[in-house]
Amino acid sequence: DASSFCQLPAVVGKCRGYFPRFYYNTEAGKCQQFIYGGCGGNRNNFETVEDCRATCHSH
């Protein structure tokens with residue numbers, strides 16, 4: 001299921017970069033911003049809130 005990753009938690013990753021990204025927060029029922037370190041993590045990681053909503057908004 002292509003949208004199952006929308007249920008994954010936000011993961012900063014092991015690198016120390018500072019990249020504002022968006023993830024779908026299942027508890028809040030909406031996309032929220034978090035800081036991504038630049039490597040690792042999971043697919044619940046979008047460059048724009050629009051991409052996040054387009055992929056995960058139906059959950």
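Glycine is treated like the rest: Cβ placed from N, Cα and C.
Under DSSP, CYS6 (disulfide bond) is assigned to a helix (H, G or I) in the three-state scheme. Residues or ranges marked as disulfide bond in Swiss-Prot: CYS6-CYS56 (among others).
The domain 'BPTI/Kunitz inhibitor' annotation in Swiss-Prot covers 6-56, and the record cites sequence analysis as its basis. Taken together, the residues of the domain 'BPTI/Kunitz inhibitor' (6-56) have an average pLDDT of 97.
Annotation comment: Swiss-Prot describes CYS15-CYS39 (among others) as disulfide bond, evidence class sequence analysis. Sequence-distant contacts of CYS39 (disulfide bond), defined by Cβ-Cβ distance under 8 angstroms and a gap of at least six in the same chain, are GLY13, LYS14, CYS15, GLY17. Under the three-state DSSP scheme, CYS39 (disulfide bond) falls in the coil class.
Feature annotation from Swiss-Prot assigns disulfide bond to CYS31-CYS52 (among others). CYS31 (disulfide bond) carries a strand DSSP state (E or B).
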What residues, ordered by sequence, lie under 8 A Cβ-to-Cβ from CYS52 (disulfide bond) and sit at least six positions away in the same chain?
PHE22, TYR23, TYR24, CYS31, PHE46
Near the Cβ of CYS31 (disulfide bond), how many other Cβ atoms are there if near means within 10 Å?
22
In DSSP terms, helix, strand or coil for CYS52 (disulfide bond)?
helix
